[in-house]
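> Take a look at this one; I'll ask things after.
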Amino acid sequence: MQLLVGLLLAAVAARAHYTFPRLVVNGQPEDKDWSVTRMTKNAQSKQGVQDPTSPDIRCYTSQTAPNVATVPAGATVHYISTQQINHPGPTQYYLAKVPAGSSAKTWDGSGAVWFKISTTMPYLDNNKQLVWPNQNTYTTVNTTIPADTPSGEYLLRVEQIALHLASQPNGAQFYLACSQIQITGGGNGTPGPLVALPGAYKSNDPGILVNIYSMQPGDYKPPGPPVWSG
């Protein structure tokens, strides 16, 4: 009986969590799950990362992906989720340029190489509840690759930070993925500031250790560097 209860609880927990296995570029999804997006360690369990200082906060990967997606500068991108994104919290996107002599198919994204290209802020719904864009949908919010991003190979990283339990230490849950992309038709911008993952976040950052049930929408402070919009 206890085993059955445990299995049922595990199944419920899995349905409450999610992964982002498929990148969509200008409305066109990658051919199949984990084709250009690196398979994450939680591909089966769907559990998020809870220690923002651990190496898993970078890409949470168990392996690299076999392919690289072509993404024009200025393109709109988002991810398909395996389950409904039902937890409240921001969605943020980062890019990291692959160094010369390395490949998007093998590079690990280490060092101060990541820059943020977008984040989302909460708002009050008709019931005066704090919600985030694309909450309770099956896709992450759209973002645009800045037109001034230099051409080349990159890792594209998405994270959705679930904050429903974030009033306690390490209660925030990070659901994330990294995709291997080739940006074409880029510009001459200088993206920044550049940060390392791990390194950009602390467990007690105000956007990570936070009680979202006692705040107004404008009070929230997303973790990490400011957005580079090109």
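Along the chain as shown, residues are numbered 1 onward.
Glycine residues also receive a Cβ, built from the backbone N, Cα and C atoms like all the rest.
The signal peptide annotation in Swiss-Prot covers 1-16. Per Swiss-Prot, the feature Cu(2+) binding site maps to H17, H87, Y175. Residues or ranges marked as disulfide bond in Swiss-Prot (evidence: similarity to another entry): C59-C178. Look at Swiss-Prot and you will find N142 tagged as N-linked glycosylation site, backed by sequence analysis. Per Swiss-Prot, the feature O2 binding site maps to H164, Q173; the stated evidence is similarity to another entry.
Looking at the shown structure, can you explain where the listed features end up?
H17 (Cu(2+) binding site) counts 20 other C-beta atoms within 10 Å of its own C-beta, drawing on all protein chains shown. According to DSSP, H17 (Cu(2+) binding site) is assigned to coil rather than to any helix or strand.
According to its DSSP assignment, C59 (disulfide bond) is coil. For C59 (disulfide bond), the count of additional Cβ atoms within 10 Å of its Cβ stands at 23 [all protein chains shown].
When other Cβ atoms within 10 Å of the Cβ of N142 (N-linked glycosylation site) are tallied across all protein chains shown, the result is 16.
Within 10 Å of the Cβ of Q173 (O2 binding site) there are 19 other Cβ atoms, across all protein chains.
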> Identify, in sequence order, the residues in the chain of C178 (disulfide bond) that are 6 or more apart from it along the sequence and have a CB within less than 8 Å of its CB; answer 'none' if there are none.
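Listed in sequence order, they are T37, R38, R58, C59, T61, G109, L155, L156, R157.
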> Name the residue among the binding-site residues H87, H164 whose Cβ has the smallest number of other Cβ atoms within 10 Å.
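H164, out of the binding-site residues H87, H164, has the fewest neighbouring Cβ atoms within 10 Å.
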> Just the number: how many Å between the Cα atoms of H87 (Cu(2+) binding site) and H164 (O2 binding site)?
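Cα to Cα, H87 (Cu(2+) binding site) and H164 (O2 binding site) are separated by 6 Å.
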> Quick one: pull the CA-CA distance for H17 (Cu(2+) binding site) versus Q173 (O2 binding site), whole Å only.
10
> Do you know offhand how many angstrom separate Q173 (O2 binding site) and N142 (N-linked glycosylation site) by C-alpha?
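It is 21 Å, counting Cα to Cα.
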> Cα-Cα, whole number of Å: N142 (N-linked glycosylation site) versus Y175 (Cu(2+) binding site)?
16
